[in-house]
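S.K.: I have a structure I would like to understand better, so I am pasting it below and will then ask my questions one at a time.
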Amino acid sequence: MTEDKLKEFRRRIDVIDDQILDLLNRRARIVVEVGKAKQGARGDFYVPSREKAIYDRLIHDNAGPFPDDGVRRVFREIISASLSLEEPLKVAFLGPQATFTHVATMQQFGQSARLVPQKSIPAVFDEVARGRANYGVVPVENSNEGIVNHTLDMFFESDLKIIAEILLEVSHDLLSISGDLAAVRKVISHPQALAQCREWLEENLPHVSLVDVASTALAAQLVADDESAAAIASEQAGSLYGLKVAKHKIEDNPNNFTRFLVVGRNTPSRSGNDKTSIMFSVKDEAGILYRMLEPFSSRGINLCKIESRPLRKKAWEYIFFLDLEGHIEDVIIREAVEDLRQYCQFLKVLGSYPRVR
């Protein structure tokens, strides 16, 4: 390629970049007007159903060659910056920084939100309940390890609602100061991450010692001061603590996903593709399991998940957590839930929110 040809391509890119910048500012001015209208109507600034509709429409209309995932990431940051013009969002998450919960929170809210790490799941709920944070992000289940019981337990005591769900593909990297696999004498990580990489570790580092710590992010922090150690953590943790990647993607199961919940104080409006979560306990009597499910099966309502947990105050009694397709504002869903209520000692709608899968 000649120098003149290269200059011409760059000039054309500059022209397009100028047009993009102008369009971004035009969009921002409209967003500011939307924010003023919401203030008058007392509407929520963050509307998950609206964001999902934007992503779905743009990806559907994308003719390429720009990748769909790139479209979502770019518009995630455009929307995040736009929301900060309306009202700066403060989001509490289960910390510390560079954990997978932090990564999921950035995926959902972008870089322009103020993300505040908390030391525990109850602390996340407390920040939102007291109005010190607009929203909170907590893990609820992993495809390999199962349910996060601490999160489910919080809904017994909290009036917060689930307003969105996040599905994050969990990829574990082996990180060290030098990036040299041969120099590794011990591997540090959260017990769950070590368990998810056990086969790879036994095959590739059979003689190293394994050290449990409270989080993958803490593992990366500790390794930054120890040349003989490596951490199993996210790529973001490596960037935060100046570590090099000794090996990418060492998880034994590549289909490793963690589901997170976004909690807030209000239930979002319908998106047209929603999920509703409820919790309830039923009376201990013959045929109760059938009667518990009949209000949904008779109406053709799809149940996505059902989990049970023992009641903490009563031995041999259980509380159920149910995810179903639809929004609580849908007549068919509301009727089914009310039919179920007659068999329950306790029933609580945890929230309706846009479905990600």
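For all residues, glycine too, the Cβ spot is worked out from N, Cα and C.
Note that this is a predicted model, so its numbers are computed, not measured.
Pulled these from TrEMBL:
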- 1-90: domain 'Chorismate mutase' (DOMAIN)
- 90-265: domain 'Prephenate dehydratase' (DOMAIN)
- T258: site 'Essential for prephenate dehydratase activity' (SITE)
- 277-354: domain 'ACT' (DOMAIN)
S.K.: Could you give the number of helix, strand and coil residues in the domain 'ACT' (277-354) as assigned by DSSP?
M.R.: 21 helix, 33 strand, 24 coil
S.K.: Across the domain 'ACT' (277-354), what does the mean pLDDT come to, as a whole number?
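M.R.: When the pLDDT values over the domain 'ACT' (277-354) are averaged, the result is 87.
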S.K.: Tell me the Cβ neighbour count for T258 (site 'Essential for prephenate dehydratase activity'), meaning other Cβ atoms within 10 Å of its Cβ, over all protein chains shown.
M.R.: 22
S.K.: When secondary structure is assigned with DSSP, how many helix, strand and coil residues does the domain 'Chorismate mutase' (1-90) contain?
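M.R.: Computed counts for the domain 'Chorismate mutase' (1-90) are 72 helix, 1 strand, 17 coil.
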